[in-house]
């Protein structure tokens, strides 16, 4: 049996939501609309996303509705109880997460801090949400003098530990993070990722090094990626995908520096011969602009992505399918710095398909994973539906 598509390239525009989800009120996110609010006042068009049909999913500034879209289009709502990156990605690959990860807008509880201190023999300082560069500027010199651990968080369910490489050697920092990872698997903490954040330099001139290391949780069940790998298909993770799934179901992992490097890496992968999926996360939308409520930077990043689409399309093969989607929202005009509970856009196109139309909406991101699993004839997730039939493609 031949598969409809030999290769599927899945691109997650991290946090690029397309309007408040049906249960947004339960998350205090009424009125959120990342794409609309980001593009309001933006002076440039997004011709390639427009041509694919992004503006057909919902009315958007600078992205018009088109009569003949270049992709199948719809929007999906999230079933899982959470609006973080890991929950969104895990659901995309077929899981339904009913126990949300915890976030710590007021810092970590005293009980956890005490456990970390007694386990490591080092004092914890900072203990609040902050940007990594800001917290190192503030506490870096103190850390060098005392050997304390700079512990901080963000709007995501993460615990980050920063230390100067000359004060706490990398091996020790990694060992500390591994211990904290085990500690925080306890349901009362349930933190998604522990991140080692080493830095170097002198007071007033500290820089974070590339020796960052993430300690994630394994997904709470088998994903479509596991099924693909077990069936001999390639699963090429680009960007932070490998970290999000803790390596589960991944056959090759490629690191990226930023969105544009992510697109460069994807295009290089597309040029190779393989059978299976490539899976790219473009994190800058979320990390650099959404959390920082930088509307202008966010809009420009979407424009930069739009400009790369023709290059990607030029390298596609006849039996390739491209899927462009998101994992949650992060409305740059929303209060605070947290993600927003939103629909995600879904655009799917292939050189072998000439006529496109709207697809039915679904109430789970898992329909992306189900469609991929159906294409490769591997085990289907319990949640979601395959869009292959609606797309007019089937197994031969």
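Backbone N, Cα and C define each Cβ position, glycine as well.
DSSP assigns residue 14 (Mn(2+) 1 binding site) to coil in the three-state reduction, placing it in neither a helix nor a strand. For residue 14 (Mn(2+) 1 binding site), other Cβ atoms within 10 Å of its Cβ number 23. Residues annotated as Mn(2+) 1 binding site in Swiss-Prot: 14, 327, 328.
Around the Cβ of residue 339 (Mn(2+) 2 binding site), the same chain contributes 15, 83, 84, 155, 156, 286, 290, 328, 329, 330, each under 8 angstroms and 6 or more positions distant in sequence. Per Swiss-Prot, the feature Mn(2+) 2 binding site maps to 286, 291, 339.
Around residue 327 (Mn(2+) 1 binding site), the C-beta neighbours below 8 angstroms that are at least 6 residues distant in the chain are 12, 14, 15, 85, 88, 89, 92, 281, 344, 365. For the Mn(2+) 1 site, the Cβ centre of 14, 327, 328 serves as reference, and the other residues of the chain with Cβ at most 8 Å from it are 12, 13, 15, 16, 17, 85, 88, 89, 286, 326, 329, 330, 339, 344. Spatially close to residue 291 (Mn(2+) 2 binding site) yet at least six residues away along the chain are 154, 155, 330, 337, judged by Cβ distances under 8 angstroms.
Compute the center of the Cβ atoms of 286, 291, 339, which mark the site for Mn(2+) 2; besides them, the chain residues with Cβ within 8 Å of that center are 14, 15, 85, 155, 156, 287, 290, 328, 330, 337, 338. Taking the Cβ of residue 286 (Mn(2+) 2 binding site) as centre and 10 Å as the limit, one finds 28 other Cβ atoms among all the protein chains shown.
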